[in-house]
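All remarks here apply to the structure that follows.
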Amino acid sequence: MSTWANLGLQDSASPLMEQLIFFHDHALLILVMITILVGYLMFMLFFNSYINRFLLHGQLIEMIWTILPAIILLFIALPSLRLLYLLDEINEPSVTLKSIGHQWYWSYEYSDFNNIEFDSYMIPTNELSNDGFRLLDVDNRVVLPMNSQIRILVTAADVIHSWTIPALGVKVDGTPGRLNQTNFFINRPGLFYGQCSEICGANHSFMPIVIESVPVNYFIKWITNNMNS
């Protein structure tokens, strides 16, 4: 979860988010190098008085400043394409979770386990406990097992929503009439917070997501208790 003065990305909780952070740092390094080079050239251009009366063309320098940006773009494009394919890969999921966006709350279905269903609403500020997070905590958390491949199916009942958990590197649009899917793998226990990141109406800011990542044996106990109740 983001905290005060956290200007960078959140700590990753999945291999996909680790790869996204690596790519972010890689692209940022290239951008910094380009900015320094162009800034230096512009500075030298403005503040020197060199002239060349006989310069009519410069084929070599034109070849260099055409080919070099193309090579730099390849260094960005190839890791980006690799990451896009990794994000779309579905690897025999252990659990399937279905998330349905409403104005303005989420519904969840565990269709693998006798169709466990519940709604998840934001806890109002006046009902929040002392250790709760304002505008982020919900009354029913999504409980998922760690170290397991999770598939999530996202749709919406009314307008376009977007199911987003930054720490997991997951952002899936929920569109009425469509079923979008992605996968993720949570590699540590904890609480992971997210929000709808598609402007979906007046109370768009008030439909948070909370994932509780637990060991597999705790998840099985939670599923058993909910199936019996």
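Placed from the backbone N, Cα and C atoms, the Cβ positions cover glycine too.
Per TrEMBL, the feature domain 'Cytochrome oxidase subunit II transmembrane region profile' maps to 1-91. The domain 'Cytochrome oxidase subunit II copper A binding' annotation in TrEMBL covers 92-225. Annotation comment: TrEMBL describes 27-51, 63-87 as transmembrane segment.
Mean pLDDT, taken over the domain 'Cytochrome oxidase subunit II copper A binding' (92-225), works out to 92 on the 0 to 100 scale. Across the domain 'Cytochrome oxidase subunit II transmembrane region profile' (1-91), DSSP assigns 62 helix, 0 strand, 29 coil.
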